[in-house]
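Copied over from TrEMBL:
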type     : residues  : note
TRANSMEM : A:21-42   : transmembrane segment
TRANSMEM : A:76-101  : transmembrane segment
TRANSMEM : A:133-154 : transmembrane segment
TRANSMEM : A:166-188 : transmembrane segment
TRANSMEM : A:195-213 : transmembrane segment
TRANSMEM : A:240-260 : transmembrane segment
TRANSMEM : A:299-316 : transmembrane segment
TRANSMEM : A:346-370 : transmembrane segment
TRANSMEM : A:391-417 : transmembrane segment
TRANSMEM : A:437-456 : transmembrane segment
TRANSMEM : A:463-483 : transmembrane segment
TRANSMEM : A:503-526 : transmembrane segment
Amino acid sequence: MPRQSLAKTGELMKILLRLDRFRIVIWLVALIFFTLVVPLAFSELYPDQEDRNAMAQTMENPAMTAMVGPGDLEHYTIGAMTAHQMLLLTAVVVGLMNILLMNRHTRVVEEDGRMELVSAFPVGKLANLNASFMMLIVINGLLALISGIGLYVLGIESMGLSGSLLYGLILGATGIFFAGLTGLMAQLTENARTAFGLSLTLLLMVYFVRAIGDVSNESLSWISPLGWVTEADVYGSNNWWVLLLLTGGAFVLMAIAIYLNAIRDLDAGFLPSRAGRKHASQKLLSPIGLALRLQRTGVISWAVGMIFIGLSYGSIMGDLESFFESNEALRQVLAGEQETSFTMQFVSVLMFVMALIATLPAVMAVMKLNGEEKKNRIEHLLGRAVSRTRLISAYITIAVVNGVMMLFLSVTGLWVAGASVTEEPFDFGKIIGAGLAYYPALLVMIGLAVFLIGFAPKLSSVVWLYLFYSFVVLYFGNMFQFPDWVSNLSPFGYIPEMPIEEMAWMPVIILTVIALVLAVAGMLGYRKRDIQGQ
Amino acid sequence: MALLKTENLTKKFGSFKAVNNINIDVQKGEVYGFIGPNGAGKSTTIRVLLGMLKATSGTASIFGKDVWKNAVEIHKHIAYVPGDVNLWPNLTGGEVIDLFMKLRGRDVNKNRREELIERFKFDPSKKCRTYSKGNRQKVSLIAAFASDADLYILDEPTSGLDPLMERTFQECVMEARDQGKSILLSSHILSEVERLCDRVGIIREGRIIESGSLDELRHLTRTHMIVETKQQVTGLEDLQGVHDIDIKGESISLQVNTEELDKVVRHISQFGVVKLESAPPTLEDLFMRHYEGNSGGEA
């Protein structure tokens, strides 16, 4: 690399660090906070080895292994527990941070035309890429040292200096690896979104390859950098050589990226950019078709996420009884009648949690209409032969279908995983019924969103506050013994908590009627009000 | 009969009158220029005409139908191009054009679409996120001119176009007019309005302060003259309707009120005219006359 092409690299790096100072601080604080708070919470929740062994038992199933990787379940100390349940997932988040930051300073800068501006100064051709790499090495280094030393300073018995440092360094090394990978992707494609998409896909791919490997064929995990993360066996045998693999891989990726950057033109890439469609397909050509197309990626991601949530809750059902028997703190969260089994009570809480999560994409689907209005894109439709009623109906339809689909997927996931780990699986119909009983409450949330969009679009985010309120009062309601009226302010408070309670039709019917009235009123309001914009 | 007509149209936002008693009409086969600076109320008027905003008082009708109550019916026969075209970043230009044409709910003319894509030198295979402002306007313009509308409502449609594309746009407007279509063109590019429009309305602070054909408007203002004479001209200052006299050597430049033109030319000719140039006032002169010196208060 000729010296000249690196001119001003150091200065550039300082500028980048300055530009991102808040972003970096927020990322680091959040990552380090969670890294340090979890082992503390674990020692609070599972003070005795007995508690931890019970936890280890619930973790001993393929779904958990697929999600968090293999762990030292034989010696499930606080350290082993933290490394098992947190290290891999934190490493994935660190990978994401690096992808975002790296792409932001490479292909995004180039696409926005700022690279051209910078290159016109006496700044080397490779300075920006190298400065970005250096910046991320600094950030990941800080993360590694602070979290490593921090973990040690917690003073938890099973978390020694060597293991703690290794824990931190693995996070940092994983980060540098994905910085290198994103740097390379930024050279290959011409377009910032594709660079981000490719990097993220690769991150998810190495995660899933490892998941399959960990469950079925351990040698498969060896081709995945995230597989190396769990092979380190932190707080166990502490395999330091894993760091060599990660950092070695990172520097190879960086070297290739720098070479490719050196031989290419500004704005050019190595992968051919694919031309888009010149004509629209028939499916797109209606308000509902357009709305579906705009939400497609989001809906698919949420659907996968809901199945995943259901599966992971379901996979721990097998050992729940013994787990709750031995844990006082968790028993309090449930705090139900004594005659029903813990598993049943747990399922009824899960139903509420999953229903609430399923409400998020459904409400987002209808709120999208508001977003489109703010971006002045609604006028393209209303300026043509599309009535307001037809437009808002399209969004309501999508939201209503979305809600039932998300509920169904998460509950089905719960049942499938639950059935595979328990000896006497639940009746499928009963579980689906328990989940779908929440549908009217979800509809009330959609109805409220429609009502606000119709009459007070500026206040429409109130619906999120209301949803958050519902979560807090119902989830923590048992623990803190709130009075009844507090939870009765939320539609979710009226839903019978099946399977521990009997189905009650009256509240469900009344909620549906309320939802309908809100939605119809909202639609009338939407017809009468001014469309905002400009 | 007027295709588009407003009577005392008023739109208030709170206590602010964005549009104040506006009366405009667009006849069949004419291009009506709607001119005024940013914030004068052009876009608000247009958004009322499109049924996006509800008029506070007064009436507005297109094809004889109320713009608020019959929006969908009216929109089948009009084409609208906004000034700020925001598109969906993950759809291609071609997809958006097809969507826009389809949503008007009438037959789609495929050949016309291809012809316009060609004329505007537009690449429909790219995602909208990569388009510049001019390219986003092209999406909207192609969809508008490819549709067989009776009335085109164009709200500053050319602010991002280069001069060549601006020319293409003007050709499209003139072709549409030649086919008997009507166009409401809101603009602050005065040369464009001057070239295209049969009649104009000048809007200021929500009110129409001047309207009529360009000739009518010119009549109300002054003609610019440059003269050279054999003898020194005297007594110009005493004539009525003569302004801004500027003598540079042999040559005199002056402004003359249009109705006094005859008298002034007779006076000058007594001194033996060697050279006489006269230029009608440009739209810019008209416009500036309304905006300079009497900002604020009633116009």
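Cβ coordinates are placed from backbone N, Cα and C, and glycine is handled just like the others.
Automatic, uncurated: that is what TrEMBL annotation is.
Remote same-chain partners of the transmembrane segment (A:299-316), defined as residues 6 or more beyond its termini with a Cβ less than 8 Å from a stretch Cβ, comprise 58-59, 61-64, 67, 292, 323, 350, 354, 357-358, 360-361, 365, 402, 405-406, 409-421. For the transmembrane segment (A:166-188), the list of distant contacts is 31, 35, 82-83, 87, 90-91, 94-99, 101-103, 106-107, 110, 129, 132-133, 136-137, 139-141, 143-151, 195-196, 198-199, 202-203, 225-226, 229, 232, 234-235, 238, 240, 242-243, 246-247, 249-254, 256-257, 260-261, 264, 269-271: same-chain residues at least six beyond its ends, Cβ to Cβ under 8 Å. Packing against the transmembrane segment (A:133-154) from elsewhere in the chain are residues 9, 13, 16-17, 20, 24, 27-28, 31-32, 35-36, 39-40, 82, 94, 98, 101-102, 105, 160-161, 163-169, 171-173, 175-176, 179-180, 183, 254: each is 6 or more residues past its ends and has a CB under 8 Å from a CB in it. If one looks beyond the transmembrane segment (A:437-456) by at least 6 residues along the same chain, the residues whose Cβ comes under 8 Å of a Cβ in the stretch are 351-352, 355, 358-359, 362-363, 366-367, 369-370, 392, 396, 399-400, 403-404, 407, 462-463, 466-467, 490-492, 494-496, 498, 503, 507-509, 511-512, 514-519, 521-526, 529.
Long-range contacts of the transmembrane segment (A:346-370) within the same chain, counting only residues at least 6 positions beyond its ends with a Cβ under 8 Å from a Cβ of the stretch, are 291, 294-295, 298-299, 302, 306, 309-310, 313, 317, 320, 324, 333-334, 336, 378, 391-392, 395-396, 398-400, 402-403, 406-407, 410-411, 414, 426, 431, 434-435, 437-439, 441-442, 445-446, 449-450, 453, 457, 460, 463-464, 467, 470-471, 474-475, 492, 495, 497-501.
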